[in-house]
Amino acid sequence: MNYNSINLVKTHLMNYPCPLNINFLWNYGFLLGIIFFIQILTGVFLASRYSPEISYAYYSIQHILRELWSGWCFRYMHATGASLVFFLTYLHILRGLNYSYLYLPLSWISGLIIFALFIVTAFIGYVLPWGQMSYWGATVITNLLSGIPALVIWLCGGYTVSDPTIKRFFVLHFILPFVALCIVFIHIFFLHLHGSTNPLGYDTALKIPFYPNLLSLDVKGFNNILILFLIQSIFGVIPLSHPDNAIIVNTYVTPLQIVPEWYFLPFYAMLKTIPSKNAGLVIVVASLQLLFLLAEQRNLTTIIQFKMVFSAREYSVPIIWFMCSFYALLWIGCQLPQDIFILYGRLFIILFFSSGLFALVHYKRTHYDYSSQANI
């Protein structure tokens with residue numbers, strides 16, 4: 001048994017063959033794993049001192065920040081880690097849109113399931129501090145889900161956000177990261193089953209073992225991201241949270257603008273610019289489903305027989321517009337709901353879906369074999 005375990009570790013962590021020409025864009029998965037582990041570790045420590053009750057939730061957070069030894073450090077590391085997880089996830093998806101989704105459909109789908117779990121976990125975690133923005137954000141989202149029969153009552157324990165809501169959210173926020181961790185192992189299994197991609201976009205025989213060659217590249221990236229992580233956690237260089245969330249809940253006073261965390265802003269822009277809440281919910285779900293459909297591109301192209309040629313390095317024009325429209329929605333999500341921003345939001349939603357659907361059309365790939373130039 002011990003021999004098999006050692007052999008498994010050597011096969012998948014040391015001798016795993018990787019393409020010779022991969023670069024820092026392939027670091028994001030490793031960095032995500034490290035930051036996600038830090039999130040679980042700090043979350044377990046915070047959960048041991050948190051009280052999931054309306055009367056004590058806000059004060060338990062203040063107790064952790066002000067009275068526990070290094071409690072403020074764990075609290076801000078957990079908050080910064082959430083932003084960093086989504087930042088790295090978006091970069092990881094960005095790299096996958098250019099290099100991986102067509103070749104590794106199983107890894108792509110499992111990764112998107114992890115992304116969906118991250119979204120749910122982060123949202124319910126945003127409610128737990130029980131600040132002013134947490135309460136009203138939870139109220140808006142749960143009202144949005146009222147179009148689904150009985151879901152709000154089951155999720156909130158009543159018709160409004162109340163004490164049963166925060167208890168259920170706390171349990172889900174504690175359990176879902178471990179569910180995501182299990183799917184991470186499945187994601188790695190599918191990746192190792194087919195092998196990693198590379199910037200040239202096709203399989204090559206020029207491969208080297210993961211250890212020590214590419215591990216040193218991952219460690220270098222980890223050192224850089226760790227410095228940024230600690231600086232942000234300790235000094236708070238970039239204000240990531242809304243100041244209204246430092247105010248205790250007042251159910252009779254609405255904030256000037258209900259704004260979620262920055263990593264939810266693209267989806268919030270879709271909800272804000274669509275007048276019907278049910279239509280907005282459908283648009284948000286469809287935006288995630290569109291990413292899942294990209295894994296079916298090979299099957300769809302057997303039906304749509306329409307091909308295009310872009311370039312040797314395969315920077316697809318629809319994918320570029322797809323990404324630009326997503327980041328434009330991120331900017332629109334933090335703006336006040338004025339007419340001009342609502343108009344821009346609707347235009348970028350149309351561009352987002354049209355470019356994403358256009359990317360589903362397979363294009364002919366033109367590659368140049370550079371392996372003959374390598375003296376190996």
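Every residue, even glycine, has its Cβ placed from backbone N, Cα and C.
Among residues of the same chain six or more beyond the transmembrane segment (28-48), those with a C-beta under 8 A of the stretch's C-beta atoms are 64, 74-75, 77-78, 81-82, 84-85, 88-89, 91-92, 95, 170, 173-174, 177-178, 180-181, 184, 218, 221-222, 225, 229. What Swiss-Prot records for 28-48 (among others) is transmembrane segment, and it gives similarity to another entry as the kind of evidence.
The feature transmembrane segment is assigned by Swiss-Prot to 72-94 (among others), with similarity to another entry given as support. Remote same-chain residues near the transmembrane segment (72-94) are listed as 28-29, 31-32, 35-36, 38-39, 42-43, 45-46, 61, 64-66, 111, 115, 118, 122, 125, 225, 228-229, 232-234, 236, 240-241, 261-263, 291, 323 (criterion: CB distance under 8 Å, separation of at least six residues from the stretch ends).
DSSP gives His78 (heme b b562 binding site) a helix state. As annotated by Swiss-Prot, heme b b562 binding site applies to His78, His173.
A 10 Å cutoff on Cβ-Cβ distances gives His92 (heme b b566 binding site) a total of 21 other Cβ atoms nearby, all chains included. The heme b b566 binding site feature in Swiss-Prot is assigned to His92, His187.
The feature transmembrane segment is assigned by Swiss-Prot to 107-127 (among others). Long-range contacts of the transmembrane segment (107-127) within the same chain: residues 82, 85-86, 89, 92-93, 96, 100-101, 134-135, 137-138, 141, 161, 165-166, 169, 172-173, 176-177, 179-180, 183-184, 186-187, 190-191, 194, 260-261, 263-264, 267, 288, 291-292, 294-295, each at least 6 residues beyond the stretch ends and with a Cβ under 8 Å from a Cβ of the stretch.
Positions annotated as transmembrane segment by Swiss-Prot, on the basis of similarity to another entry: 169-189 (among others).
All protein chains shown were included, and the count of other CB atoms within 10 Å of the CB of His192 (ubiquinone binding site) stands at 16. DSSP gives His192 (ubiquinone binding site) a helix state. Per Swiss-Prot, ubiquinone binding site is recorded for His192, and the stated evidence type is similarity to another entry.
Remote same-chain residues near the transmembrane segment (214-234) are listed as 18, 22, 24, 26-27, 30-31, 34-35, 73, 76-77, 80-81, 84, 88, 208, 240 (criterion: CB distance under 8 Å, separation of at least six residues from the stretch ends). What Swiss-Prot lists as transmembrane segment is 214-234 (among others), and the listing cites similarity to another entry.
Marked as transmembrane segment by Swiss-Prot on the basis of sequence analysis: 274-294 (among others). Non-local neighbours of the transmembrane segment (274-294) in the same chain are 93, 97, 101-102, 108-109, 112, 116, 143-147, 267, 300, 346, 349, 352-353, 356-357, 359-360; each lies 6+ residues outside the stretch with a CB under 8 Å from one of its CB atoms.
Per Swiss-Prot, the feature transmembrane segment maps to 317-337 (among others).
Taken from Swiss-Prot, the feature transmembrane segment applies to 340-360 (among others).
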Name the one residue among His78, His92, His173 whose Cα is closest in three-dimensional space to that of His192 (ubiquinone binding site); these are the binding-site residues. His92
Binding-site residues compared (His78, His173, His187) - the one with the fewest other Cβ atoms within 10 Å: His78
Cα of His173 (heme b b562 binding site) to Cα of His92 (heme b b566 binding site), in Å and rounded, measures 23
